[in-house]
Amino acid sequence: MHHFTSRDGVLHCEDVSLETIAAEVGTPVYVYSTATLTRHWGVFTGALKDAGLDATVCFATKANGNVAVLRTLADLGAGADVVSGGELFVARHAGVPADRIVFSGVGKTRDELAYALDEGIFQINVESKSELEMLDAVAREKGVKAPIAIRINPDVEAGTHEKITTGKFDNKFGIAWTQAHALYRKAAGMDGIAVKAIAMHIGSQIADLSPFDAAFGRMRDLLAILRRDGIEIERLDIGGGLGVPYDREGDPTPMPPADYARVIARNLGDLGCRLVLEPGRLITANAGVLLSRVVHRKEGATRSFLICDAGMNDLARPAMYDAFHAIEPVRAPAPGVENEHVDVVGPICESSDVFGKQRALPPMQAGDLLVFRTAGAYGATMSNMYNGRPLVPEVLVKDGEYAVVRRRPTWQEMIALESPAPWQG
Ligand SMILES: *Cc1c(COP(=O)(O)O)cnc(C)c1O
């Protein structure tokens with residue numbers, strides 16, 4: 001459910017016409033709906049509550065790190081899951097309290113760990129023995145105890161794209177669940193460490209419940225072992241990963257949050273632990289579109305191309321993961337106009353800069369507007385300036401109002417951090 005709907009034949013975000021935004025802000029531009037963000041947050045947290053679960057929900061900042069989006073979620077009570085010092089800074093700047101922030105990631109540096117401790121962070125999810133030792137040393141220098149989880153790798157097949165699977169032994173993430181007990185013992189004996197939780201995150205865009213079921217089972221087993229050993233665990237952090245519909249024919253329909261909450265409750269609900277969840281995609285994906293204008297229409301030898309002003313630098317998912325985004329014209333075709341099949345591509349000098357091959361669309365011409373749907377997660381956060389293209393701007397809509405919440409940099413700003421070497425005069 002989202003708030004991008006057609007009114008009088010023109011696609012709107014809530015009460016704002018996308019034609020208005022395109023004319024006033026320019027394209028390409030990401031557009032987010034406050035109502036959809038609010039709704040998704042409510043559905044997800046409501047499902048947990050209905051299943052009787054006591055949970056802290058930390059939005060995965062890497063899905064959408066826009067400060068205004070994070071502020072919207074923080075105002076609803078969201079915590080944050082961050083994967084770098086930079087994301088921690090952004091989350092704090094957006095108003096997320098430090099005691100609701102979880103720090104994940106395999107490569108945290110000494111400086112990042114020190115910063116997290118200075119902020120008074122809720123939890124650091126340790127992913128290696130090396131990191132545990134580094135964190136212990138940093139915490140002891142500061143005379144504090146770092147609150148940690150160890151992220152376990154449960155070795156389950158998440159049934160998703162191989163580039164977004166994280167819970168198999170051959171992935172770089174977490175500590176093999178078979179080795180976790182030993183590391184917990186070590187952690188429990190460290191002066192700079194306070195063991196608080198077990199964590200996991202098995203992948204993203206997971207449609208099916210069975211990988212969660214398997215992974216939660218292993219978490220439950222480990223908890224029993226640790227408790228027998230006298231190691232106190234207060235909470236269980238089960239990560240994110242719930243899939244969303246991208247509306248591709250034949251794709252499995254992701255399970256609704258209520259079903260997910262029931263599987264959590266069945267496996268982990270009766271253990272006397274608080275739960276921590278780190279949803280990303282589920283909260284923001286359908287709350288955003290990438291709005292773009294057709295620059296050229298080109299009749300190739302075997303097919304027609306719509307060449308857009310958005311490229312793989314603005315929305316990387318199709319090029320990176322073969323991801324599917326539904327593509328739709330902003331202005332509905334006149335009644336009776338038949339669809340044609342076209343390739344929708346960007347302007348970047350790479351053959352992988354393709355948003356959709358042979359998509360059925362009404363005939364479109366240069367100047368027409370279209371949207372890539374379900375682009376509110378892993379869209380703008382992955383954008384870059386490849387081909388000398390300034391970072392794509394972002395707009396947040398609320399009812400009949402919109403605001404540019406990240407403006408388009410000028411070319412001058414694009415190169416502002418660069419300078420000639422001293423010998424170049
Ligand atoms: C990416 C990530 C998430 C969020 O995953 P989604 O699939 O967007 O829900 C949660 N936790 C960790 C550790 C992650 O790396």
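Glycine residues also receive a Cβ, built from the backbone N, Cα and C atoms like all the rest.
Around C349 (active site, proton donor), the same-chain residues six or more apart in sequence whose CB sits under 8 Å from its CB are N387, listed in sequence order. Look at TrEMBL and you will find C349 tagged as active site, proton donor.
Among the features that TrEMBL reports, pyridoxal 5'-phosphate binding site is placed at G241, E278, P279, G280, R281, Y378. The Cβ of R281 (pyridoxal 5'-phosphate binding site) lies under 8 Å from the Cβ of A60, A63, S204, Q205, G240, L242, G243, V244, A377, Y378, each of which sits 6+ residues away along the same chain.
For E350 (substrate binding site), the number of other Cβ atoms no farther than 10 Å from its own Cβ, over all displayed protein chains, is 13. According to TrEMBL, the substrate binding site annotation covers R281, R317, Y321, E350, Y378.
Per TrEMBL, the feature domain 'Orn/DAP/Arg decarboxylase 2 C-terminal' maps to 30-376. The average pLDDT computed over the domain 'Orn/DAP/Arg decarboxylase 2 C-terminal' (30-376) stands at 96.
The annotation domain 'Orn/DAP/Arg decarboxylase 2 N-terminal' is assigned in TrEMBL to 47-285.
TrEMBL lists K62 with the feature N6-(pyridoxal phosphate)lysine. According to its DSSP assignment, K62 (N6-(pyridoxal phosphate)lysine) is coil.
Among the binding-site residues E278, G280, R317, Y321, the ones whose Cα sits within 10 Å of the Cα of K62 (N6-(pyridoxal phosphate)lysine) are G280. The binding-site residues near ligand 1, defined by a Cβ under 6 Å from one of its atoms, do not include any of R317, Y321, Y378. For the recorded positions K62, P279, the largest tally of other C-beta atoms within 10 A is found at P279. The binding-site residues Y321, Y378 differ in how many other CB atoms lie within 10 Å of their CB, and the one with the most is Y378.
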